[in-house]
């Protein structure tokens, strides 16, 4: 743990969810000497689900502050080259990943979600604070405290409840239930609108495969087709992390969304077995070398209400996007860093943890995060549709416009990375690059004028599409 100012205000935080978001927040609070527990509904913290994460410099710097980045980096190799293939067989390569590392000191890395959770758990200093098999059934709030009830009959009391329990968040459901009970009919309609904010238009097959000749470690491939895309990342010892994004025939509204099984994944990969990935490699090769695979519906949505009294959300429970831009773990880390910084400031102040002071902290957290997350979410939303060539304009820009403006993309990307938050009360890591200072003072990173490039071409092309829409590069662009 780091040396922090003396705590004056006793705080107890209940984190629901042993996710990347939840464990990152737990690390932050441990460093701030803030009392906390983690409640995880599953029997283990790091199950193998066939999923993987991309970590960019904005997330990497926070993980470095927490002392876990070196362990993450040992498990993989940095991405140094990006390769892109279009349906007509035309392809090109980009050095953008290497250039980003040179500017910011951290590479782009990709590794198993299971391994990230395992490292976060193993490096956590107070494992007795983490409780598994704790399914939340109810949250109660009073003027003085919040109470979390679990299926085994236990009751946990604290000053604040944090929902880091993912898209199917029990904390979010309880927050909505309480809000509906306390508001009038008109406001209740607003709550119902929030409940329906998550939608599904895409499904995704996630897989990890043993080495495939022609897919080199440290490289990343984007293969675009009409209605689907195949994206691969090649890690340590040639392991291949991949996903296939498929546009569904109809739009679903959460929670009435489709569920998929391993047999569904097999059918999809059989149907698209001949879709090219890179060179002579096709989807059949990814499937033939698979070591794990899963298929899921991809929820998309960003809620406007992040808190209610002593309850607050972070990570996928509040903002959910497709994996094309690889920003989920990075955004969750930013959420955790900002919330922990505000709680640390409260804990070292002369204020007590009253309902008013807690509400002020949570309001500031939502205010600081919303615009940046909104910008990221919109680019992910557009990127998925660009990747799958959702219409003629996206197909044209991705194919003919994007490759010509790589330097502009790198500059805008650098501005966005440089504006990322970190954990305020922890030292900035010595490992760094000139980009953090060279691009400091750029427009507010959460503003819609700043594009956000994360793990692959989708975001690059998304930005260029918006540049085309705005006619010239010097005018503000949206998302």
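Even glycines carry a Cβ here, placed using N, Cα and C.
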From 30, 126, 329, the one annotated by Swiss-Prot with 40, 54, 113, 316 for FAD | 329
State the three-class DSSP label for residue 54 (FAD binding site), counting H, G and I as helix, E and B as strand, and everything else as coil.
-> strand
Here the Cα-Cα span from residue 40 (FAD binding site) to residue 289 (N-linked glycosylation site), rounded to a whole number of angstrom, reaches 33
Could you list the residues of the same chain, at least six apart in sequence, whose Cβ is under 8 A from the Cβ of residue 316 (FAD binding site)?
-> 19, 21, 166, 167, 169, 328, 332
For residue 329 (FAD binding site), just count the other CB atoms lying within 10 A of its CB, please.
-> 23
Inter-residue C-alpha distance, residue 113 (FAD binding site) and residue 289 (N-linked glycosylation site) (nearest angstrom) = 19
If you count Cβ atoms within 10 Å of the Cβ of residue 54 (FAD binding site), leaving out that atom itself, what do you get?
-> 24
Between residue 329 (FAD binding site) and residue 289 (N-linked glycosylation site), find the distance joining the two CA atoms and give it rounded to the nearest Å.
-> 26
CA pair residue 224 (active site) / residue 289 (N-linked glycosylation site), Å rounded to integer, equals 21
